[in-house]
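Visitor: For reference, the structure I am asking about is given below.
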């Protein structure tokens, strides 16, 4: 793209107004999404490129957001490695043959994601055609640790005790698992960039369950390796921006700086200016309104949004977002007004 507020902010370049997009900006809060969801299962939507492309475009048509993010899911990458994934009503994702031993790790396949998740790669191509340069497109993947946690726990977990048990008791198997996942994530993100993604985000949804020392020892080296591999393998100079986002990592921002991501996503558990000070001046930041704020009256949404923008103080390198994904109960009109307000307030 020749010009984009979002891409400029990722590179800490001056912009005329703060760019804004939202995690889960395509989702259940939108009536257009619900109309499709009534006819198709979740994985069916993810795995049908035409449906995924249409869902990706819905918030671009509805709101003045500065970027699209491909409609996809982080877990189908594990299917290609030999894990059986379903989405159960009321339970969320379930992996029916979880990884619990060194033998399970050794049995994992390492295929080419261009083949195993070809539907997402094709959806990216379709969205790039439909966008016609109106906005950049963000691709994404789960981080190696978060994918490992799902694979080991067999789904979501409150304490990730099975993951930690394998990590502590079988360090060699843990390293092998993380190496395989890092290779898969890197290849997947490179394929997304080759298909047209203008930036990519790495979601480390469960890394906040770890102590800082465990994050530094068992997770950080693989995030670093992944980012290095994507930059080296994408074939673009300069490489597209890489965003790293995790939930519950406000106490580890000094470590996150060491990932060497271009942008660090902040959740809502820290003031934006404090978080930015911890990640350092050489990194852009993304965030960080509590997504549940969007359930409040508009005056409160506006007040809290203005506070975040004031803390950014017009400094190059801020991308406005939520501290997590939009919740299903969010009023559509609040999202519309929020995107407009971010632009208007930051341009003053």
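Yeah, the Cβs are placed from backbone N, Cα and C, and that goes for glycine too.
As listed in Swiss-Prot for this protein:
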{"type": "BINDING", "residues": "24, 25, 26, 27, 28, 73, 150, 205, 324", "note": "substrate binding site"}
{"type": "SITE", "residues": "73", "note": "site 'Transition state stabilizer'"}
Visitor: For residue 73 (site 'Transition state stabilizer') and residue 28 (substrate binding site), what Cα-Cα distance in Å is obtained after rounding to a whole number?
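Guide: Rounded to the nearest whole number, the Cα-Cα distance is 14 Å.
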Visitor: Checking the spread of the substrate site as listed (24, 25, 26, 27, 28, 73, 150, 205, 324): what is the longest Cα-Cα distance, in whole Å?
Guide: 23
Visitor: Determine the minimum-neighbour residue: among 24, 28, 324, listed as binding-site residues, which Cβ has the fewest other Cβ atoms within 10 angstroms?
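Guide: Sparsest of the binding-site residues 24, 28, 324 by Cβ contacts within 10 Å: 28.
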Visitor: What count of other C-beta atoms do you get within 10 angstroms of the C-beta of residue 150 (substrate binding site), across all chains shown?
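Guide: Total other Cβ atoms inside 10 Å, all chains included: 27.
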